[in-house]
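One structure is given here, and the rest of the page talks about it.
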Amino acid sequence: MTIQLDENYYRMLTDLQAADFVLVELTLYLDTHPTDRAALQQFNDFSMKRQKLAYEFQLAYGPLTQFGQSGPPQNSWRWAQDPWPWQV
Amino acid sequence: MNPEVRVYVPFRGPFDPCPPIGVKTFVTPPNLFIQFQPMGLPQFSPYEALRLGTLWPDLYSNYYPR
Amino acid sequence: MWIYEKKLQYPVRVSKCDPHMAKLLIEQYGGADGELAAALRYLNQRYTIPDKVIGLLTDIGTEEFAHLEMIATMIYKLTKDATPDQLKAAGLGDYYVNHDSALYYQNAAGVPWTAAYIQAKGDPIADLYEDIAAEEKARATYQWLIDLTDDVDLQDGLKFLREREIIHSMRFREAVEILKCEREAQKIF
């Protein structure tokens, strides 16, 4: 199955990148502010949100991670198919 | 004028062949003025944060090309 | 262990075929203050730094690999489909003869990456101050790269990377503050 790099693909990808960016920022912040309860709560909220976005993206466009770490079960091996991140 | 910009005037010797550029500038980004980030700073929306490269307006620095 | 994620940290765009800019950008791929040097420096320092800052070095080191992939993407897109003549005209003739358009860990002047760029001193303050300096040097390099292109899409990605250097510098300075307060642990002795 060939991936269509349409509007939907880029919208779902950007949604995930935005949520993941918040998680990267909060991760580094929590590394030096481990007692900030509000930041931890926000981290947990975004982590849930991220899982949902990643699951939906992977249902549509194939796995994001390998070694069995990606969300939905797979009925064909889509991991090694293009496009790769630098190609989109 | 970008408030992060600092300026100095390089010494001009009598035998400098290039036309003087007058002032030299450099940037002092906001992290230099915060010793330890306070808790609960205001945040950008997730999409703004991704576009700008930080979650916190207080740590955002724009760069204006020369 | 590391898990690869099949997406970029940031949506990288370039708006024109510009092999000369790729030649300059390679500074941040395999140069002294580039992303490879940063990732390897931080991940390697983790083994001999107080436990309180190992997490930070792990996470920033990992993010640097995402930035390395962004730089690779920029170089890839700027040179993709460029002909040997175009590469030669962009000053990449000597690069082409050795690598075609393959990516290589070298700086903008063609000097290959070397471990001599990075230090692991074993002194936590010395190591963290090197890390802070590395972030500020990388910030400056991004500024000079932004100055050298008029491609607003490329500038966009470079501005993101420049801002990340500012955040990393902030966190490393916080790590120094955390280590300055490590007096509680002395009670154990």
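Placement of Cβ uses the backbone N, Cα and C atoms for every residue, glycine included.
Between the candidates C:E35, C:E177, C:E182, TrEMBL assigns the Mn(2+) site shared with C:E64, C:H67, C:E135, C:H168 to C:E35. Highlighted in sequence order, C:A38, C:A39, C:I60, C:E63, C:A134, C:A138, C:L161, C:R164, C:E165 have their Cβ within 8 Å of the centre of the Cβ atoms of C:E35, C:E64, C:H67, C:E135, C:H168, the residues recorded for Mn(2+), and are not part of that set. The least crowded of the binding-site residues C:H67, C:H168, judged by other CB atoms within 10 A of its own CB, is C:H67. Geometry remark: C:E35 (Mn(2+) binding site) versus C:D59 (Ca(2+) binding site), CA distance 14 Å.
For C:D59 (Ca(2+) binding site), the nearest neighbour among the listed binding-site residues (C:H67, C:E135, C:H168), judged by C-alpha distance, is C:H168. Between the candidate binding-site residues, C:E35, C:D59, the densest Cβ environment within 10 Å is the one around C:E35.
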